[in-house]
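Peer 1: First, the structure itself, so that you have it in front of you.
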Amino acid sequence: MDDKDIDKELRQKLNFSYCEETEIEGQKKVEESREASSQTPEKGEVQDSEAKGTPPWTPLSNVHELDTSSEKDKESPDQILRTPVSHPLKCPETPAQPDSRSKLLPSDSPSTPKTMLSRLVISPTGKLPSRGPKHLKLTPAPLKDEMTSLALVNINPFTPESYKKLFLQSGGKRKIRGDLEEAGPEEGKGGLPAKRCVLRETNMASRYEKEFLEVEKIGVGEFGTVYKCIKRLDGCVYAIKRSMKTFTELSNENSALHEVYAHAVLGHHPHVVRYYSSWAEDDHMIIQNEYCNGGSLQAAISENTKSGNHFEEPKLKDILLQISLGLNYIHNSSMVHLDIKPSNIFICHKMQSESSGVIEEVENEADWFLSANVMYKIGDLGHATSINKPKVEEGDSRFLANEILQEDYRHLPKADIFALGLTIAVAAGAESLPTNGAAWHHIRKGNFPDVPQELSESFSSLLKNMIQPDAEQRPSAAALARNTVLRPSLGKTEELQQQLNLEKFKTATLERELREAQQAQSPQGYTHHGDTGVSGTHTGSRSTKRLVGGKSARSSSFTSGEREPLH
């Protein structure tokens, strides 16, 4: 048996794929192969003769798999038999492979003989194997590898199902992660964790210290600590939130990503604190959000309490309206906040330099807030959940609706309306709300807390309607956003629009009556002209035409039955 037959037999038994061993070794082999293919025939023959004189060297891990003769084993040097056993390439994009397959992979250690690798990559003719579809069929990717690769991608629970199927399908063959989890335990053996998140820390040095300059601590909450930071690259100020608990201390890793999921799906809205980025660092979750220079509404209320002041009714209406717009956006995204309270509402003051003194023309009435000097935004989405598939985690009990406590989730958006009503009560100067007891239940019966100011009857009635016991009867966020109590100008606009429509209807009616009267009083003396002149009269016609030259038509008028001469 010659060397070519031996090579063919080895290739059949080893069943090696023609892809590169590793990224570094693969690049080297491709370069060597290209040099070999570009050589002259004489040099190629010399190289082949040298290769024939050297038997194929096989790593130890593969020698045991092959039932080769003792003569071939003797031809391999001892140092070749001591080649370390190869392992599959481990990188973030490649899940761990089963042990049975790893035995068939060639060694990727530096001591692997180059002649063996060159024989595996270079064909006997000295040409590189094709990288087209035919070559790719030699190493088909099993379904298990495709499923395990999905373990490296988190599936956002707030993403609509239609979008999940859209971006996770590949020619109708790929399943979404949720389907794989329900496929059975035998598919889970390939490395797909059942319901475990992918929390992979950055490989760089501290990204927080590298990209941001910490200015001061601006808040401490249930999730963690918030810092005011300046990004070194763009010089802008951001709010960086660092989780208080580590991933190992959390009972469920999903809770660490819950707020990230909600922010990512919501996108950008003027009345929701903007989300920019997030990453894992030092076993903690870090979220980069928009910085609100006015602090929280709770901080403003505390300052008012110290000075004996409170927000007046016009300001209360402004807060209620802007937060209603933010809630309407959240609810339209099939989500609920479930933790609306003063400490989760943030204030942004428009800088004086941004005001040009020119009155801005608002093209869309929904964009009126763009010219506002003070913006109120909803933040802290740690308790947000889906309306269709709710996983409710109770927020602050002082602002909690009774139906949530009773686990009645039929009208989840109305729970946000209830909490918003009590938030306005606190901003109006109400005393601290009870956390439980008889006073807590007294409010849940529809009794609005006492406030140290006289509110208008219409506004007071609206606030009481927001906290009534029947959740279904509470106004929606969309209804609040278009309520004439909060937006009197909107009511005036609608009234003017109705008047305009009425006047248009009257005008159309008069025009129709005028046309009918003109048709009834039309003159009877019009004549009809043919090619030869006046041929008679045409009753009911309002105009006549005279053909000039048999082709062009010109209008003509008559005085006392005589035709007017042409000029």
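Backbone N, Cα and C define each Cβ position, glycine as well.
Not measured: the values here are computed from a predicted model.
Got these off Swiss-Prot a minute ago, pasting:
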- 1-117: region 'Disordered' (REGION)
- 1-12: compositional bias 'Basic and acidic residues' (COMPBIAS)
- 25-35: compositional bias 'Basic and acidic residues' (COMPBIAS)
- 42-51: compositional bias 'Basic and acidic residues' (COMPBIAS)
- 64-77: compositional bias 'Basic and acidic residues' (COMPBIAS)
- 212-486: domain 'Protein kinase' (DOMAIN)
- Ile218, Gly219, Val220, Gly221, Glu222, Phe223, Gly224, Thr225, Val226, Lys241: ATP binding site (BINDING)
- 315-329: motif 'Nuclear export signal' (MOTIF)
- Asp339: active site, proton acceptor (ACT_SITE)
- Asn344, Asp380: Mg(2+) binding site (BINDING)
- 514-567: region 'Disordered' (REGION)
Peer 1: According to DSSP, which kind of secondary structure is Glu222 (ATP binding site) found in, if we only use helix, strand and coil?
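Peer 2: Its secondary structure by DSSP: coil.
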Peer 1: What other residues of this chain sit with their CB within 8 A of the center of the CB atoms of Ile218, Gly219, Val220, Gly221, Glu222, Phe223, Gly224, Thr225, Val226, Lys241, the recorded ATP site?
Peer 2: Arg242, Met244
Peer 1: Between the two most separated Cα atoms in Ile218, Gly219, Val220, Gly221, Glu222, Phe223, Gly224, Thr225, Val226, Lys241, the residues recorded as binding ATP, what distance in Å do you get?
Peer 2: 14
Peer 1: Near Gly224 (ATP binding site), how many other Cβ atoms are within 10 Å of its Cβ?
Peer 2: 19
Peer 1: Within 10 Å of the Cβ of Asp380 (Mg(2+) binding site), how many other Cβ atoms can be counted across all chains shown?
Peer 2: 26
Peer 1: Could you tell me the C-alpha distance between Asn344 (Mg(2+) binding site) and Glu222 (ATP binding site) in angstrom, no decimals?
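Peer 2: With distance taken Cα to Cα, Glu222 (ATP binding site) is 11 Å from Asn344 (Mg(2+) binding site).
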Peer 1: Between Ile218 (ATP binding site) and the residue listed as 'active site, proton acceptor', what C-alpha distance do you get in Å?
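Peer 2: Counting only the Cα atoms, the answer is 20 Å.
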Peer 1: Count the Cβ atoms, other than its own, that fall within 10 Å of the Cβ of Ile218 (ATP binding site), considering every protein chain shown.
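Peer 2: That number is 17.
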Peer 1: Averaging the per-residue pLDDT over the motif 'Nuclear export signal' (315-329), what integer do you get?
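Peer 2: On average, pLDDT over the motif 'Nuclear export signal' (315-329) sits at 96.
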Peer 1: For the motif 'Nuclear export signal' (315-329), give the DSSP counts of helix residues, strand residues and coil residues.
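Peer 2: Counts, helix then strand then coil: 15 helix, 0 strand, 0 coil.
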Peer 1: With the cut-off set at 10 Å between Cβ atoms, which of these recorded positions ends up with the most neighbours? Options: Glu222, Asp339.
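Peer 2: In terms of Cβ crowding, the pick is Asp339.
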Peer 1: Out of Val220, Val226, which of the binding-site residues is least crowded by other Cβ atoms within 10 Å?
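Peer 2: With the binding-site residues Val220, Val226, fewest surrounding Cβ atoms within 10 Å: Val220.
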Peer 1: Looking only at Cβ atoms, how many others are within 10 Å of the one on Asn344 (Mg(2+) binding site)?
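Peer 2: A 10 Å sphere around the Cβ of Asn344 (Mg(2+) binding site) contains 25 other Cβ atoms.
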Peer 1: Cα-Cα separation of Val226 (ATP binding site) and Asp380 (Mg(2+) binding site), in Å?
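Peer 2: The separation of the Cα atoms works out to 11 Å.
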